[in-house]
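To start, the structure under review is shown below, and the notes come after it.
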Amino acid sequence: MLTQIAKNRRLWLLLLMAGLVLVTTRWALTPSQSFNFVAQFGYWCMLALVILLGRAVAKAGAGKWVRDNFGRFDAMVLVLVVVCTSVWWSHEKPGFKILADELLLLGTSVGMHHERYATYPSRATDVQGPFQIIERVLDKRPLLFPFLVSTVHDLTGYRVENGFYFNRGLGIAFLLLVYVLGWQMGGRRWAGVLALLLFAGLPLAAQQSAGCGFELLNLFFMAAFMLGMLAYLRRPDALRLEVMVYTALALAACRYESILFMGPMALAALIGWWRRQRIDVSWPVLISPVFLAMWLTQNRIFSGDSTAWQMASKEGTSSPFGLEYLVPNFGHALAFFFDFDGYQPSSAIFAALGLLALPFLLLWVVRKLRTAAETTADELTWILSGAGLFGITAIMLLYFWGQFDDRIINRLSLPTHLFMMLAIVVVVRSIAKTDRVWKWLTGVVAFAAIAQSLPVMAKLAYEVDYSPGLEMKLREKFLKEQPEKDFLVLDNDAVFWIVHGLPSAGVIGARDRAESLAYHLRNHSFSGIYVFQTVRVNSDTGAYYIDPTEDMGPQFELETVWQQKTETLMFVRFSRIISVDLDGETVREVRDAVPTTTGHLNTPEQIEEIRTLYLENWIKQLP
């Protein structure tokens, strides 16, 4: 084997390629060059990645495996998946669930759709006629999800709702994939049904299937990677290696921390080569390090901009990761898992079974590693996959904001749920000898879904008290109530208005361009210029005050259009700019920009009488 390693030119070329990508992206390019590289080539890199992944899956015989192994029982499972997702969607309506993430992902998909640029719009106008993007920003989030949504835009036409419906379809695909994963993991189809129902009864999964976030895609590719690794270790050949490598690359392009799975992937490749006593490096595997260039360059946003970690959101935070966060975060995790009031989108039965199974999974892993030479391909897959999922969970528990009971952070617990599912199925398989145990557990999980999960999804209490989500709904309400869509909105979340095709800019930037706003006010460029602001209440005096980042300043005179409470001591306010003070000159909005017509107006009855007389006269004139 060592001789093969020394003589295999493709292997050394692969290592050289990986080294060149690392050196180029981390040191040779400046941060500015790196970001321009991602913006210009991000779309094309994702396109090539998806094509090569699809090619690998097709050539490895995935379709043939489905045809050979799926029967009547699996058709009934498909019906079960349709029923479960229908229940999801009857409670979770399509819409933005997490404010910043989903808007920016959709905005990036718009950039990819319109211009093939991997950036989101931050400022737009239609003053010159056509809708124009004036400023673009590279987001820190990986690009696979916005690429796939942009493909939906390309194929069906652009709609804001495309991201929501993409995730709905992905919800069906994910539950089917979880069924197959559980089936292979437990060795019985009923194990797959148990795994399916665990996630079907998780309100958090239902929420993510109705939003525009990348969490469900990340979870989907985690499950796909585990199946890809299983296929490779069962039969370690070049085609299955391609599937495993490219599912790992796709997973790395879903979320930042999913790059950790490159470690288990590399170990699985080495084990496969060792067991087969042959090193296979096909040309797709040879060029695979190129696809890590996107992650490596985009990740420099975190090193070049401390605000990317969002540490300012938690007072007293000096570093994004630390052991001091472990114990508090574990307490928050338990509060999330075992909430019975409906204010967390969790499943107590899922958490109870998972936490009970994790210690036994550890014992099982230790026992298998003691006889590593005799470990089967399936067992190696669950050990390596479990290591990756454990790594993700550990990162979240060591993260300063890794509080699972936080509304924004709930979604980060999904990989931990997959880890618990793996533990449940692997441990039960080691003790269950017949289908009876699987059926009994499936019945318990189904009953728990009816008893706890459905009422939680019906109440949606975990969304009602999430003020950023309510602010988003109020934006949508304001937009629907406007008869004309020719107004300008100044909002620090300008992406919302831009993806709806409306001119918009951030409040801070607009505040510094008072002359431009005065020009548009004077010349009737828009039917109105509105400002979206968060208004807080001083609990001691009852006085209103505006968030400093949304305050237009004294030179702007605003007229409140309407405001509505989002939580105690907090309101959302829409105001209209009615004047701008420019060094003593006041430019005021003129509401009657179009001259009105004066004269006699007929009543509907008079109009009908005139129409009848005209028709009679017209008939008389006929030859």
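Placed from the backbone N, Cα and C atoms, the Cβ positions cover glycine too.
Unlike curated entries, TrEMBL annotations are predicted automatically.
Worth saying up front: this structure is predicted, and the values here are computed from it rather than measured.
Now, the feature entries from TrEMBL:
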- 12-29: transmembrane segment (TRANSMEM)
- 41-58: transmembrane segment (TRANSMEM)
- 70-89: transmembrane segment (TRANSMEM)
- 165-183: transmembrane segment (TRANSMEM)
- 190-210: transmembrane segment (TRANSMEM)
- 216-233: transmembrane segment (TRANSMEM)
- 245-275: transmembrane segment (TRANSMEM)
- 346-367: transmembrane segment (TRANSMEM)
- 379-402: transmembrane segment (TRANSMEM)
- 408-428: transmembrane segment (TRANSMEM)
- 440-462: transmembrane segment (TRANSMEM)
Handout entry: Any contact, the transmembrane segment (190-210) to the transmembrane segment (41-58), with at least 3 Cβ pairs under 8 A
Key = no
Exercise for the section: With a Cβ cut-off under 8 Å, give me the same-chain residues at least six positions beyond the ends of the transmembrane segment (245-275) that come close to it. Expected result: 1, 46, 49-50, 52-53, 56, 140-145, 214-215, 217-218, 221-222, 224-225, 228-229, 232-233, 236, 284-285, 288, 291-292, 294-295, 299, 380-381, 384-385, 387-388, 391-392, 395
Problem - Same-chain residues at least 6 beyond the ends of the transmembrane segment (70-89) whose Cβ lies under 8 Å from its Cβ atoms - result: 168, 171-172, 175-176, 179, 189, 192-193, 196-197, 200, 205-206, 209-210, 454, 457
